[in-house]
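As written in TrEMBL, here are the features:
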type	residues	note
TRANSMEM	B:24-44	transmembrane segment
TRANSMEM	B:64-83	transmembrane segment
TRANSMEM	B:95-115	transmembrane segment
TRANSMEM	B:121-143	transmembrane segment
TRANSMEM	B:150-170	transmembrane segment
TRANSMEM	B:176-198	transmembrane segment
TRANSMEM	B:205-223	transmembrane segment
TRANSMEM	B:262-279	transmembrane segment
TRANSMEM	B:343-368	transmembrane segment
TRANSMEM	B:388-406	transmembrane segment
Amino acid sequence: MTEHDDLKGVNERMRSLMARTTHGRDDFEDLVIVPLFAVVVALVFGALIMLATAVDIPTIGRSFAALAIGSVGSLNAWSETLTAAIPLVLAGLGLGLGFRAGLFNIGAEGQLVMGGLAAVIAGFSLDFLPIVIHLPLTLLIGIAVGAGYAAIAGILKATTGAHEVISTIMLNLISFELLNWLLRQPWLQREGRSDPISKSVPDSAQLPQLLDWINPNLRLHAGLFVMLIAVAFIWWLLFRSKIGFAFRASGENPSAANYAGMKASFVIVLAMATAGGLAGLAGASQITGVLGRASPGFSAGIGFDAIAVALLGRSHPVGILFAGILFGGLEAGGRQMQVAAGVSIDLIGIIQALIIVFIAAPLLVRAIFPWGFRRNGRKEDAA
Amino acid sequence: MTDMTATQTQAEKLDSAASRKARIMGGILIALALLVLFVLDVVPGESATFRLTTRRDAIQIPDLVVPGAFNMVCAALLAFLGVRQLLRGGARWTSLSLGFGLLLLVMAFLVWATAGKAFNLTSMLQAAVLASVPIALGGLAGVMSERVAVVNIAIEGMLLAGAFAGALIGSLLGGWIGLVAAILVGGCFGLLLATLVVTFRMDQIIAGVVINLFVLGVTSYVSSQVFAEYRFLNNAKVFRAWEIPLLSDIPVIGPMLFDQNLFVYGAFILVGIATYYLFHTRNGLRARAVGEHPRAADTLGVDVYVTRYVHVTIAGMIAGFGGAFFTLGNVGRFEENMTNGRGYIGLAAMIFGRWHPVGALSAALIFGFADSIQQKLALLNTPIPSEFLAMAPYIATIIVVAGLVGRSRPPAADGKPYVKE
Amino acid sequence: MDVELRGITKRFGSVVANDNVNLTIRGGEVLGLLGENGAGKSTMMNMLSGLYTPDEGEILIDGKKVEFDGPGDGIEAGIGMVHQHFMLVPVFTVAENVVLGVEPTGKMGYLDMRRARRQVEEINEKYGLHVPPDELIEELPVGIQQRVEILKVLFRSADVLILDEPTAVLTPQEVREFFGIVNTLKEAGKAIVFITHKLHEILEISDRVSVLRQGRITGEGDPKTLTEADLAEMMVGRPVSFTTDKEPAKPGRTMIEMQNVSMLDETDEIVLERVSMSVRSGEVVGVAGVQGNGQTELVEALTGLERVASGKIIFDGTDITTASVRERHKMGMAHIPEDRHKSGMVDSFTIAENMVLNNYYAPEYSRGWAIDWNKVAETSARYCVEFDVRTPSVYLPGGSLSGGNQQKMVVARELERETKLVIASQPTRGVDVGSIEYIHERLIQARDEGDGVLIVSSELDEVLGLSDRIYVMYDGRIVAEFDNTGGKADRNAVGLAMAGAHNGDAATGEGDAA
């Protein structure tokens, strides 16, 4: 009888232990309020900078209006926003995964260049293949080359301890030189051109446009689905799979991961390669979905913006998806802003940098906005 | 005594990290020997002529003529060093052998590239010193902030900000005020970095990256929004070289060290001051203590936060000075992203130089050398594409960071925020 | 100089670390301050040194009220603290460490190291400390480092010295020597606060004793009239038995054996030198030694965390010299790591995630390449109930648990598996007495179920209390072996071996007899 009661008590306790805790207000603050504030403050700073460079107030008003219209104001704007978001999200997913594993990979830009280059080469040299094989193969080759390029930094870190921040920055610079050199090679350069530009990717390796039946100028392409699949896959990888558990443990506490039998060098190389693969995919999708060919600087700083995207999205796949769309919107709106109000698109870069500052230093946001945060008040009580 | 020898004989049998590394290095040296033998081979009879003085110089010394057989000797020496490493696993001499091996490689390369032609060595060395200035100052900025345990990825941005401020203010108010403005702007970004990482405890690498992005954004924005329209805002007078009497007449050394501009002298003097400050003054001792063991320093009444603020700000000022070199010391005009990764190479120079000002300067000179080889060799019509030569300093940086990180030790608290209580 | 604490209260968030504490410290006297981990001893002393500011109450020096705002203030008032974790810069010399903050300075901030060295020598002589001023700290043994800490405090002409757990890193013989220094200081008129959780030391050295429990003073008295049992009851709040009850060991087959194992660190220094040892099933083997004499490396070699440079390791008949951590784990090796925060757990991970930290790949938690988190949660909840890990939910971060519960979580994870060998490194460091007793019981239980158990601890009492056999490590070698059946090993002999005394032959002789 008593034994039965004991058992019942144990079961009761176990059930209560296994009850999921609900997300508290703290999570809400971290995931919603801080990013929201960050974006608003960054926009305000952007206005101040325009003021400081002698842009008059009506123009500033027109700039922000153009920013809004250019990003979400029409079907075309949405198409542009999402088109810009695709490579940002893909590369951002890779960087976020790296952050989770404790790797600060600044090399997405170079990995993106290499992946894009590989896609161009695979695109024009394998043009005998049918689209069902050619297109996936082209993307896969982009992934593989991006992964391989990132793995260099991973292997260097795993074997010699070389810090990935410096090695990936150097690999970026090397990739730009490599790109410039390759674009001058006769087998890659477009026939009859003297400027550095590659041959085009044939239709069989192009990501189909999604909205050209409405208007052929709408650039949104099937990379959108690739992006969504990647978000789901990375979520599963990080939070459900065994290897993702090892990634996260290594990132949070490398020495505990080592103790738990996770091989640090394996995790570093694999996480780096996965991140590079996603950046390579971003490059390949940009080539096969938007550009169709490679030219100097075709990566356009996407790999650097993706760092901001990953930070803004808190290295969470879903967060990165939203952050990428936000940055895509800023990009698309920024172009409109430049055309309609004559304000340089470089302003967008400043706003993006400011957003990361406020995201990465939540204490700073709390200092600027003492209200709206419960934690702050609690701390004062304790002191 | 017998204990000691027993220990030592055993150590030789043990599979130690050093002997493994020595074997790898041996393999690399042999690969270099093969490279010199088969790729950098010079047609027999051809020789390379290196000019050491120009006709204008006060003291003339004859050209250095190196016969092509020199490369065979280099290859043989490299092979000897490599085999010695493989057989003996000479742990103690590994890095020395590698350093000597790389020197041989560079010499063989120069002889190969110059074979049958003439090449002005002195002007290349002079350019090397000039090219190393921003790297050395960037490295010194890194030393100052990492010695108080603040990782400074933002050097790149600080250099760029200094270059920008130098050009803008230099165009408006003259070079000297431009220089002061560059230093102050650099200091502001140092202060900003300190605020973000010390007070707001932001991740130091993220803070650095963000400052770099921000500076790049602002300077590019102003450059395209304002400079494109008002060109006079971006047209500063350049600091010319100051010849130091007598000393500048010394062949080779004179043009290298004593016929340079303000920034070169400034870099050397700052390195000297920083060395004295860090290792022979009270505040230097305290700063190093903050970098190694902030809590210990704190318990002894050294204010960790103030120390970090001050030194990171000084680091920013040094980087601002280094940044002004790009505009006021070189072309007088600001261009988008004109620092092009020099700040990161400065960081590598700091690691290579083991967090010591003199070490950082020496490393910077090596990087500057790689930089100037690339520029001067373009004149010699070597079959190597210019892009690959441009990669040389980047590849060198990776090798340095990979090859030396294991042995050099950063300040113990490097990169870690300090939380009181 | 006399110091008085009146009604001191200090809170951290909702935790009350010190609750209305009154304490008097007098010159020429040693005050023993006793309390278990987390009782609030360190917090109180940090307030005296100025590192923390009290929320309520006041501090009086010679009857005058003082207020400390920063860490420099305590020392300025003449109160110096020797921290449990040394506050020394390892890459600085002794003299540099001593003068830091009060440097003799010449013109333009020039650091006058000659004068610094001379000043260090003077204090050295006055108190008989014998510290070499030009050696780098990292090259000195811990015993000497501790003297540097004392020198540092004396250099700042402190009249009150607070010694926080000073004997934790010393051998019994070094403790003797250290007590000599304490007495010299006392005779020189210094007031000394001696903080410890070791009862016999308190009784031996102090003139007065105060006991702290859960932030409150729970007892005061004269050590001459008190017994260890009295002190223990004041400290824990209930009678405590110091001996773990256990049956005699029934050793079976050899579970693990090390043969002539040597190991190098990353700078190629020898950290293990020809170590041979073994653990049989059904016995507890203890490894004693002063911290930093190769115990950590011994465990790293056994568990596969570091590769060995030579020698062989055999686990239940299989050569595992080159086997990975995971392979050894799968073969039934359990490992309770010496520092749970550093390597035993991931603070930000949930308790459930921590419960499978090194076992997440096991088939029972797997669904293809994914982890079955519901299964994990269920198992974790069961472990929590069984090992009395107190938490409202297994989905809370591991870092939110108290030290004792964290350690129980780690112990649960390691012992609730089919194991053959349990390696427990500092299994009760930073843990409350209740959890200590529980963890000890579970380790003995593992032994009785036929596991080999290896306990590595710098607490000699723990090794002596639990082990059936004891190895002593010194300078990377095993220098002695003792039979401890029925607790017969001689504490003094073990202590001598820990100091590397060269009469290890006699000790080994004893071991051979076993």
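Yeah, the Cβs are placed from backbone N, Cα and C, and that goes for glycine too.
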*asked:* Any contact between the transmembrane segment (B:205-223) and the transmembrane segment (B:95-115)? By contact I mean 3+ C-beta pairs closer than 8 Å, pairs at least 6 apart along the chain.
replied: no
*Using a Cβ distance cut-off of under 8 Å, indicate which of B:24-44, B:95-115, B:176-198, B:262-279 has the most pairs with the transmembrane segment (B:121-143).*
B:262-279
*Could you name the stretch, out of B:64-83, B:150-170, B:176-198, with the greatest number of CB pairs under 8 A to the transmembrane segment (B:95-115)?*
B:64-83
*the transmembrane segment (B:150-170) vs the transmembrane segment (B:343-368): 3 or more CB pairs under 8 Å*: yes
*Taking residues 6+ outside the transmembrane segment (B:343-368), which of them lie with a CB under 8 Å of any CB in it?*
128-143, 146-147, 152-160, 212, 267-268, 270-272, 274-275, 278, 319, 322, 393-394, 396-397, 400-401, 404-405, 408-411
*What same-chain residues lie close to the transmembrane segment (B:24-44): Cβ under 8 Å, and 6 or more beyond its ends?*
68-72, 74-76, 78-79, 81-86, 94, 97-98, 101-102, 104-105, 108-109, 111-112, 115-116
